[in-house]
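Per Swiss-Prot, the features are:
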- C294: active site, nucleophile (ACT_SITE)
- H321: active site (ACT_SITE)
- D338: active site (ACT_SITE)
- C236, C239, C268, C271: Zn(2+) binding site (BINDING)
- 127-141: compositional bias 'Low complexity' (COMPBIAS)
- 20-81: domain 'PUB' (DOMAIN)
- 439-644: domain 'PAW' (DOMAIN)
- 98-141: region 'Disordered' (REGION)
- 455-474: region 'Disordered' (REGION)
Amino acid sequence: MPGSQGVLALCENTTEVFLDVSKLLITYADNILRNPNEEKYRSIRIGNPTFSTKLLPVKGAVECLFEMGFEEAETHLVFPRSASVEKLRQVRETIAAERDQRLGASNTASSPQNASVPPVPAPPPSLSSTASAGPAAAAVPTPAPASIPFTSSSATFQRTVQSNFQHVLVYEDPELQQKALECIPHELLRSRAKERLKQANDADAACSLGEEDMLVLDLLQWFKSDFFSWVDNLPCIQCGGKTQPSGSLSPSSDDLHWDAGRVENHFCHTCQLSTRFPRYNNPEKLLETRKGRCGEWANCFTLLCRALGLEARYIWDSTDHVWTEVYSQSQRRWIHCDPCENACDKPLLYEVGWGKKLSYILAFSKDQVADVTWRYSCKHPEVLSRRTQVQETWLLHMLNKLNAERQQFLGAERKQQLLQRLLVELVEFISPKSPQPGELGGRMSGSLAWRAARGETGASNAKEDTQENVFTPSESEKESKRFHICYNVTKDCYYRVSNGQETIQGWQKGAWRTENMFRKEEHDWQMVYLARTEGASFGRMSWKFNCAPAGMKMKSASVRVFSQTFHSGTVRWSLSTNETTTEFPGDGELHSFSNVSGGTELIVEAELTGGDGSTSWQHAQLFRQSLKDTEKVLFEVMVEMEKS
């Protein structure tokens, strides 16, 4: 039957599943066609185990019933007297034709007149059960009570949930995990994590964080900065110019092999040529392509977390976003991680920062699916009013059933662990969070060490005397009598030009002092810059050069910096020596200073203040530039020296 979306969806299942389900569907239809006046054949009880276990989970099955003419009633799907028997027959024949083709026999699904399929027997009495809102319900299978209506939207919702719950098992493939691990500079990341943990311990003597917590932070930063890239529209494959979205293209066999059922057409009007953008859903392929939008980002990032041995789960938001959660053993809770934003532990980012109208957010791991909507909202009544796609009792029982099936072969200890974690989550969900003005959804709770590790407080500078970086002349710089340093914000790297192009990775590593500062990447605008942390009234950053230890003194200095402000934001630049302080503009031009002559110390400082409203922190920025300007530097200091 042309245009039957239900049959098309049904045909996407494996042959084994299709044959089982199609037999049931044909039987339901044949019972009505042969016995048009028998009411019992016009009704299917939703609580019937045959329906709930064999039809409900299968893609397209329930849609076929709706296309036949069945309608939802309170406890049943009913074929009303007003429904078209001819329409039912057409859908039935379409399914039968596909079944014949798959069986390779012409008489397997014959017409109703010749059919020998017995009528569907009367279903057994329903099993009594009651919906429980308690966490224990997640650990035991409880059939959905017959009073819960089942709708086409329920079928769509369940299919999405089951698809995601099945997909996360891909991350558990040992060979795929090994392949992913080979893509990660894990030794470097673990080294950085140890250093970050040391800084957290310095900031808070009572720090109870673990190395894995820091590893997550470094993995997020590396993934966004060095591994994966965002795609709006791909450049033209012929001229490299801009393209415009222009519908979809048919997926190739290779696309389908890598689970890309959708291929976007990015069209170049100059070349009149299409560039294909397959939306791969197979994380193995994403290790190769390393690009996409939030779906590809979260899919690949979750795999990398599992490859590193982190407990991770894939988070699906029904308002069209996905991300990851990682379980922190030290904090005994699930931590929000958004690789697109390089955001960690900021669950209110979407509702408060982005203004999203949330409704359903589900978490999927190899052992469990959970409704975690309430972690991501501080407006619970508003969210509840929007949760109308499925009934709450139906959702609860569906999740319980899926968990019971997935966990049936787990050991008692693991089951108890999952249950205990669920209890902790439920307690967390009871009290909605209250973001403070200017947080932009950033989490200000948590230990001082945790906030310091994430760069969200000036506490990371509490031990400034032991963390200050001072540049002193190397032997080659002493010989050339010249010091030259640059910083590239896109690569987040310093280049010590005068010392054999020595590189220093990380904006903090070349700084003397920093206070309330962080590096921000905007994937929507494709821009990057340094700014003060969210909620901070000011930010400060300085760089120091001292040539006295090398027996040298300064003759002159030149500085080039660039800053950008919006609304009432301000950036004040200054250059200080042992005796004087001079202010200068951050206009991107090279400014020379002769008044440094004879001095031995030089400090360049930027102070960021002002701005309006909740995004005031964004209104004063250092070194703002495109993420595509990989060679551009907007910070440069040159010092000419002579012997003392």
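Just so it is clear, glycine is given a Cβ too, placed from its N, Cα and C backbone atoms.
Counting other C-beta atoms within 10 Å of each candidate's C-beta, the recorded positions C236, C239, C294, H321, D338 are led by D338. For H321 (active site), the nearest of the recorded positions by C-alpha distance turns out to be C294; the candidates were C271, C294, D338. The Cβ of C271 has fewer other Cβ atoms within 10 Å than any other of the binding-site residues C268, C271.
Taking the C-alpha atom of D338 (active site) as reference, the shortest distance to any of the binding-site residues C236, C239, C268, C271 belongs to C236. The residue listed as 'active site, nucleophile' and C236 (Zn(2+) binding site) are 22 Å apart (CA-CA, integer value). The average pLDDT computed over the domain 'PAW' (439-644) stands at 85.
The residues near the Zn(2+) site, meaning same-chain residues not in C236, C239, C268, C271 whose C-beta sits within 8 angstroms of the mean position of the site's C-beta atoms, are P235, I237, Q238, G240, G241, T243, T270, L273, T275, in sequence order. Counting in whole angstrom, C268 (Zn(2+) binding site) lies 24 from the residue listed as 'active site, nucleophile' by their C-alpha atoms.
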